[in-house]
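*Asks:* Straight out of TrEMBL:
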type     : residues  : note
DOMAIN   : 611-863   : domain 'ABC transporter'
TRANSMEM : 347-369   : transmembrane segment
TRANSMEM : 381-405   : transmembrane segment
TRANSMEM : 417-436   : transmembrane segment
TRANSMEM : 461-482   : transmembrane segment
TRANSMEM : 489-511   : transmembrane segment
TRANSMEM : 571-595   : transmembrane segment
TRANSMEM : 987-1013  : transmembrane segment
TRANSMEM : 1033-1058 : transmembrane segment
TRANSMEM : 1070-1092 : transmembrane segment
TRANSMEM : 1098-1121 : transmembrane segment
TRANSMEM : 1128-1146 : transmembrane segment
TRANSMEM : 1181-1208 : transmembrane segment
Amino acid sequence: MTLLLGPPGCGKTSFLKALSGILSKSLKVTGEISYNGHKLDKFIPQKTSAYISQYDLHIPEMTVRETLDFSARCLGVGSREDIMMEISRREKEAGIVPDPDIDTYMKVPLVTISHFFLSTHYKGQYESSFILGLDICADTLVGNPMRRGISGGQKKRLTTAEMIVGPNKALFMDEITNGLDSSTAFQIVSCLQQLAHLTDATILVSLLQPAPETFDLFDDLILMAEGNIVYQGPRDQALKFFEDCGFRCPERKGVADFLQEVISRKDQAQYWQHPELPYSYMSVNMFCKKFRESYCDMKLDQELSDTFDRSKIHKNALSFNVYSLSRWELLRACMARELLLMRRNSFIYVFKSVQLIFTAFITMTVFLRTRMGIDVLHANYYMGSLFYALVILLVDGFPELAMTVSRLEAFYKQKELYFYPAWAYAIPASILKLPLSLLESVVWTSLTYYVIGYSPEVGRFFRQLLLLFSVHLSSISLFRFLASIFQTVVASTAAGSVALLILMLFGGFIIPKPSMPAWLKWGFWVSPLTYGEIGLSVNEFDAPRWQEILSSNTTVGSATLESRGLNFDGYFFWVSIGALLGFTLLFNIGFTLALSFLKRRMVLPFTPLMLMFNNVQYYIDTPVGMRERGFAQKRLQLLSDITGAFRPGILTALMGVSGAGKTTLMDVLCGRKTTGYIEGEIKVGGYPKVQETFARISGYCEQTDIHSPQITVEESVIFSAWLRLDPQIDSKRKMEFVNEVLEMIELDEIKDSLVGIPGVSGLSTEQRKRLTIAVELVANPSIIFMDEPTTGLDARAAAIVMRAVKNIVVTGRTIICTIHQPSIDIFEAFDELVLLKTGGRLIYSGPLGHNSSKIIDYFESIPGVPKIKSNYNPATWMLEVTSTSAEAELGIDFAQIYRESTLYETNKELIKQLSTPPPGTSDLHFSSQFSQNRWGQFKLCLWKQCLSYWRSPPYNLMRILHTIAASFLFGVLFWKQGKKLNNQQNLFSVFGSMFIAVIFLGINNCSSVLQYIAMERTVMYRERFAGMYSSWAFSLAQVVVEIPYILAEAISFVIITYPMIGYFGSAYKIFWYFYVMFCSLLSFTYLGMLLVSLTPNFMVAAILQSAFYANFNLFAGFLIPKPRIPKWWIWLYYACPTSWALNGMLTSQYGDIDKNISAFGETKTAVAFLKDYFGFHHDQLYVVAIVLIAFPVVLATLFAFCIGHLNFQRR
């Protein structure tokens, strides 16, 4: 078993990926990699080996058990079946009768795949869940930042377990112990060592901060730096190599820490062992040269030069099959998982169905049959209702974008590791949506068909149902396809909006086929909406009731179809069905191909304060899964009777095994819990804690590093400093403090780098962790909580952080850190320790002592506890001897022993003293909740958002380009239509251009802003909890920063469309055209922001927005004009910003034109037609102007209110 060491960015991940055969094919690779003499292209390395990533990519809706079950089912049993057959044969020959229990355990993994659950119950639970400590959370959802799930450490272990349940004999593990305590890390690596030695497995593990006892478990060592191998050979020979280079490891210094620091320019000098000789920095290249001259390298060259004898290796040692299962079993596995995920997301589907029922109810009461006649005028309304049905079921597929994108990360990881092929994922995703499509089509058709009053023949009812079902299928298939191509929510949402716009424009209703430019008529035939329009129109207007002969010697039905360019024969209904099913098939094939071939893309004064807590209890409602498995209590206790104190100038470590409740305790003390039930007493400086004040004097470094991605490191720290430092401190001193913090945390060299998105762009994991600490340190708090500040850092970076923290403690601040895998140096940098056991119970609270002497003496005094070995890490020893298994073996309860100890009595007396405020002190009080006044908060939030928006071209540039492209498309399709006023159809065409522009440019803005605001809301939760600003400042800045970008959109739209469509050229009309579009875009954008503030996640917001789109479409005054809307729904017409926008746009252009036009067989002026048909009055434009600007103001106000009062983050 080999350890891979090296600082972040040295190439460890690329090296591991290259060895496991999953390095990107786009990279140029030289050299040769072989397994048992076979080159990588001669077998399937992804199935022979397993690469375990440092990123935890899982589906949040699945439980730990379900994740492991699926992994075991897909990875299969490999060559174990052949091995078991050979063992059974030899046992029979030797007359051996195997033990029944052992025989059952050995054979369980080999049963047929239909019994996969039993297989993984034994194999996954025993080897993975038990070894990795996941059995306690087996039935807990994995979760994500907005959905409560397992802890970060448990998620890291799940990533490892997901791969080791398979039969792979070569494991390449990338920083698998990040976020784990040193005892668990030691246990895991110890099990891996046994696996390597007993099964001849090849294991290469990359670690950042291995404790000495963990380091000693490895056989070999590879040390990397700057993309080069500095040392490769036996672990115990590494120190000798560096001693030969002139550097010696000190006593009580972890070897792994020494190895990573000795190659660093800043830390190397302290290890120089020849004081009599002048020291000069030895570069990485010099170390590499020394290694190439060493005995270890010569021995390695000798091993590589020997020809490998393939005959000595069994053929099943390597995998030559791409997948472990047959095609049918792969499909079954993915089908079962998709069904599970659909059940877990049932709320979304129920929400969609309820929303559809509500929309259907509105629609059928707007187009009520008692108000509809059988004539040419009312045929126009029937046509509008049919078109609206198509639009509803088309837009209903839009949420498929977000749902597909949310699973792509996990899909690509599993596809690259050959869990399954893309088609096995795509087919269930497509087929299992058929019942949902059918359900929604049945709901819509059965509710609306007879109430609206379509042709009463039963056959026509079912034909309409069939056609709407086909439209819905093609819609969700289209959006799945787009999501698989663009892969991010912002890009795929923009693409979806463009696709909807194109489908609508070429669908044959907004602009009839005869009115389209000849060179663009091909677009009519490539839009799925065209076939929906043809099919529904032919089905309805070919009915007997529409066969009345008009004076023009044509039937009412034919005249209606002719006016729309849809006069096709009856068989075109079935042509339309075939075309729609063809589009569905085409989009699903494109979805599969896209998945198959596309790649994923401190110098300031402060007040020292102590924090005391007494008998703290914390409960949550028992999860449903636990209740179903027999857990009787209604509440689950996570913290039990925790008592202690954190004092100024004392650095306290909060430790315990993963899942013991460390982060939970910190969240409770900080007031960050949003759910659950808290009991007990918490005081600050002897006074009861007041949350508003506490946020001003405390800092919290979260385990998850949440930052705005589009601002730089320095800007992030400046933003925190300006908002949280006392306003009386001048800008110069604030900037000096910012620079000091950046230098202290060693961020000064990357201060101009963008933060970026974790795992995608920007800072590395360790840089992001240091930024989190800097953002809190720059606030100059009296009390600082740090949740695993060294997780994800190498030994050198962790030492830098702890040195900085120690420097802060010296100034008299109170600092509490949860920590998992401290080295001896880091552990002994702490002054006191609070130790929790599983179940959130306290088992030690007191000083560490010199060289950890007091903690060692305390536990060694307990009968049965083994003595610590020489040079053993006290932190690891402490966690090992107090583990659940050690308790069970000794038959003791460490929590009870602590409560009976003299140390407990001493602490109780201390708590009693600290509960009384010191003489001459007063309760800490601030005149305001925030450091900055409202105007200062707003200015700083606006400054940050301006920078972030300017650096977000995927969001801002995309929507502006979308507006420009759409504007040119409108101009081409409606070329010089603006002054053609001969009949009602001319006016309808122009009105259609306005309708499609207002609706779809607005939809694009509303859809695009959802993901951006959802991301910023997560950051806002952290910053608001930290007391940086009020939600009012954040929301107002978010509202204001949108205005210049929307202004640019509106100007672009007017400059392009106005002359191309050929409207009347007066400044008055141009201004109105611009004003209406600007207000409309503002309204839609602020609506999107409001929807995010109202919903827990992006997917629910995406579904909710479609309900608004449906009503904005229906009540815009285009499909059914204002005079024809029933009085019980007229309030919705007035509540829709689209109706006012279209009123203002059409009336300002034609409300003063007295030209006569032919309208439904009559001759009227344009002014009269607007009044009679649409209900638009030119003399009421001033009212329209006021209402148009009122909409964005009201929506922005609601957004500010909701973002401040609704909190969907669950902690």
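Glycine residues also receive a Cβ, built from the backbone N, Cα and C atoms like all the rest.
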*Asks:* If you count Cβ pairs under 8 Å, which stretch among 381-405, 461-482, 1181-1208 touches the transmembrane segment (1098-1121) the most?
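*Replies:* It is 381-405, which has the most Cβ pairs under 8 Å.
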*Asks:* Would you call the transmembrane segment (571-595) and the transmembrane segment (417-436) in contact, using three or more Cβ pairs under 8 Å, pairs 6 or more apart in sequence?
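*Replies:* Answer yes: the transmembrane segment (571-595) meets the transmembrane segment (417-436) with 3 or more Cβ pairs below 8 Å.
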*Asks:* Sort out for me which stretch, of 347-369, 417-436, 489-511, 987-1013, has the most Cβ pairs below 8 angstroms to the transmembrane segment (1128-1146).
*Replies:* 987-1013
*Asks:* Any residues 6+ beyond the ends of the transmembrane segment (417-436) with a Cβ under 8 Å from its own?
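*Replies:* Contacts with the transmembrane segment (417-436): 22, 44, 46-47, 50-51, 71, 74-75, 163, 322-323, 327, 330-331, 333-335, 337-339, 342, 349, 404, 411, 473, 476-477, 480, 588, 591-593, 595-596.
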*Asks:* Within the same chain, where does the transmembrane segment (347-369) have neighbours whose Cβ lies under 8 angstroms from its own Cβ atoms, ignoring anything closer than 6 residues to its ends? I mean 6 or more beyond.
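*Replies:* Residues packing against the transmembrane segment (347-369) from afar: 381-382, 384-385, 388-389, 392, 396, 399, 403, 436, 439-440, 443-444, 447-448, 450-453, 1099-1100, 1103-1104, 1106-1107, 1110-1111, 1114-1115, 1120, 1125-1126, 1128-1129, 1132.
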*Asks:* Are there residues at least six beyond either end of the transmembrane segment (1070-1092) with Cβ under 8 Å to its Cβ atoms? List them, or say none.
*Replies:* 997-998, 1001-1003, 1005-1010, 1013-1014, 1017, 1038-1039, 1042-1043, 1046-1047, 1049-1051, 1053-1054, 1058, 1063, 1098, 1101, 1104-1105, 1108, 1137-1138, 1141, 1144-1145, 1148-1149, 1181, 1185, 1188-1189, 1191-1192, 1195-1196, 1198-1199, 1202
